[in-house]
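Below is one structure; the comments refer to it alone.
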């Protein structure tokens, strides 16, 4: 008897969409791997894509590692805001490392196959670190809300214990979201194709390939989306509503500028993260080509984690000063 959690497909590979109506159908076999179609089939573009994404991955790793080293080495940056920033950089490194190394190796070796277990693992970490990014941005918005709206009580409210608890809860919720998503994927039995029109195992692509009834799966996925997307965005909007209201009540223009400048970097990262994510969603909804959606998803999976260190280092004097000190010590 077939394992009910196994991915199975017809033995014959053709262009027809074939979804069996009976689980006891005999013309089926286990599928041990999927095929990631990547961004382009043009052989002439492969060396360019390899060099481009290798460069972007190295820049992402070095930039975020530099942020972590800078924050940890400078005692003046041992504050809640920079503690959350270093955790965001660590999440960005992990998020990018979930997809890019596999893509770079596939381009270099001219392979597209990914095993069932590898696909499931990649999706798990993608959901984990993607959700963690979103929750950490919400936590950082709360930190800015306390700093601007309750400056006299900031040190008392944002104590090390609460900061550690907020990061721990964010990781815990992200693990829950990842496991809920896995529970949905493990229920999938039949697939229309093993070809995934993406450069990684995108959850939405895999669900679109499923032949099974998607009603229950959609309910769980909406719940996952509410936890990982709607709740953090709501928290960010509420925090910035309070922040803007507090800033507008300040009598001094200099005080308004100083207060707003403390959250300018975070607001830029939030707009970049959710703006690119929304752009990918809208482009996939308008375009009928999954390949175009894969190209658009490069923005939030690769470009955003790469630009975050530049945004914080260029807009933050404390980070720039600490970076120069760290570089001078190293040299």
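Keep in mind that glycine also has a Cβ here, set from the backbone N, Cα and C atoms.
Taken from TrEMBL, the feature transmembrane segment applies to 48-69 (among others). Under 8 Å from some Cβ of the transmembrane segment (48-69) lie the Cβ atoms of residues 38-40, 85-86, 89-90, 92-93, 96-97, 100-101, 103-104, 107-108, 302-303, 305-306, 308-310, 312-313, 319, 323, 326, all in the same chain and six or more residues away from its ends.
The domain 'G-protein coupled receptors family 1 profile' annotation in TrEMBL covers 63-312. Per-residue pLDDT, averaged along the domain 'G-protein coupled receptors family 1 profile' (63-312), amounts to 84 for this model.
What TrEMBL records for 120-142 (among others) is transmembrane segment.
The transmembrane segment annotation in TrEMBL covers 162-181 (among others).
Per TrEMBL, transmembrane segment is recorded for 219-241 (among others).
Annotation comment: TrEMBL describes 262-282 (among others) as transmembrane segment.
As annotated by TrEMBL, transmembrane segment applies to 294-314 (among others). Remote same-chain partners of the transmembrane segment (294-314), defined as residues 6 or more beyond its termini with a Cβ less than 8 Å from a stretch Cβ, comprise 37-39, 53, 56-57, 59-60, 63-64, 66-67, 85, 88-89, 92-93, 95-96, 99-100, 197-200, 202, 265, 268-269, 272-273, 276-277, 279-280, 283-284, 320, 323.
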Report summary line: With the cut-off at Cβ under 8 Å and a gap of six or more residues from its ends, the chain residues touching the transmembrane segment (120-142) are 81, 84-85, 87-88, 91-92, 94-95, 98-99, 102, 114, 166-167, 170-171, 173-175, 177-179, 181-182, 185-186, 200-203, 206, 224, 227-229, 231-233, 235-236, 239-240, 263, 266, 269-270, 273
Query raised in the report: Mind checking which residues reach the transmembrane segment (262-282)? Cβ under 8 Å, same chain, six or more beyond either end.
Result: 88, 133-134, 137, 140-141, 144, 147-148, 233, 236, 240, 243, 293, 296-297, 299-300, 303-304, 307-308, 311-312, 315-316
